[in-house]
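As structure tokens, the structure follows; a few thoughts come after it.
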Amino acid sequence: MSKKPVRVAVTGAAGQIGYALLFRIASGEMLGKDQPVILQLLEIPDEKAQKALKGVMMELEDCAFPLLAGMEAHGSPETGFKDTDYALLVGARPRGPGMERADLLAANAQIFTAQGKALDKAASRDVKVLVVGNPANTNAYIAMKSAPSLKRENFTAMLRLDHNRALSQIAAKTGKPVASIKSLCVWGNHSPTMYADYRFATIDGKSVKDMINDQVWNKDVFLPTVGKRGAAIIEARGLSSAASAANAAIDHMRDWALGTKGEWVTMGVPSNGEYGIPKDVMFGFPVTTEGGQYKIVEGLPIDAFSQECINKTLAELQGEQDGVKHLL
Ligand SMILES: NC(=O)C1=CN([C@@H]2O[C@H](COP(=O)(O)OP(=O)(O)OC[C@H]3O[C@@H](n4cnc5c(N)ncnc54)[C@H](O)[C@@H]3O)[C@@H](O)[C@H]2O)C=CC1
Ligand SMILES: O=C([O-])CC(=O)C(=O)O
């Protein structure tokens, strides 16, 4: 018997990430090739944006996706999030050349307060929320704090793009396939302070740290390359990453919903105090997932260099949190 459709809300549905994301959700790449979906597409209540959204929906129709069980256009989060099982909060202003993601805080924080409140009122009680819009960690924190009747652990931020970028850099450095790299993680904020950590990573059972054996490369090449990759793409494309961001969103939700079979992935999730990160800080951690739940990988040794990196990204996140206190 075929499965009951699930509801997937996507904000910023007519934006550039939306255009790279919706077709893959509708084709079953996110929730499985046997899972029908109803798309609840949200855009600002502006004639031009709603018209563009209609155009995207016409294209979705023209794909005749067998798993696309329904599609709705919305201009308000209260209707857009009604009964939704999954919410991908993408819609926000992207940064341009010369900006840091934190510069978007003021512009985007109000969006996530309103959307958190709307999720609280309207969404399924088990809704799984992924925040993509920048600054992603703090926006996810705002949404979580604005939705007190929903489970805090169901709010997450996207660190998966940083994780995937780190995987590709390690693959290039070692000359090994991406798929052979296990147990990599990225700690902290989706910003240049994030700490991509390959100390525990292995390839065919061998330590990646020992294979590379070059702390200068780690500090002076690897970490800045991964941390500043978003800016490098803006510089090259004149626009921020969209296809790779959509791909990371698919990876994040797929792994959360369908499980990682013991493999580590990185998710931005509210801390419960793990590794000394204060409760509720939305922090990139290594996780494994099973049965629709994620679990932070605990008990990893943190050396002096790693602690310094973790402290730096934590301080930045706490500064962002302080900056939005008045909204919560
Ligand atoms: N976490 C991550 O790894 C990444 C995050 N991003 C962030 O994703 C966000 C979206 O990026 P793009 O799609 O490239 O931007 P875009 O400007 O192409 O699209 C954003 C869309 O969101 C809509 N929007 C704005 N406010 C909204 C609201 N309150 N409700 C519903 N829709 C709303 C806009 O009308 C627009 O169509 C930006 O904040 C960007 O910085 C981008 C790449 C990676
Ligand atoms: O850099 C940006 O503004 C977009 C983004 O988050 C990324 O590509 O990592």
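Every residue, even glycine, has its Cβ placed from backbone N, Cα and C.
For the substrate site, TrEMBL lists Arg95, Arg101, Arg165; matching the candidates Asn134, Asn137, Asn139 against that entry yields Asn134. Ligand 1 lies within reach of Gly12, His190 from the recorded positions Gly12, Gln115, Arg165, His190, judged by a C-beta closer than 6 angstroms to any of its atoms. In the three-state DSSP reading, Gly18 (NAD(+) binding site) counts as helix. For the recorded positions Arg101, Arg165, His190, the ranking by surrounding Cβ atoms (within 10 Å, all protein chains) places His190 first. When secondary structure is read from DSSP and collapsed to three states, Arg101 (substrate binding site) falls in the helix class. The highest number of surrounding Cβ atoms within 10 Å, among the binding-site residues Gln16, Gln115, is found at Gln115. In this structure, Gln115 (NAD(+) binding site) is part of a helix by DSSP. According to DSSP, Arg165 (substrate binding site) is assigned to a helical segment.
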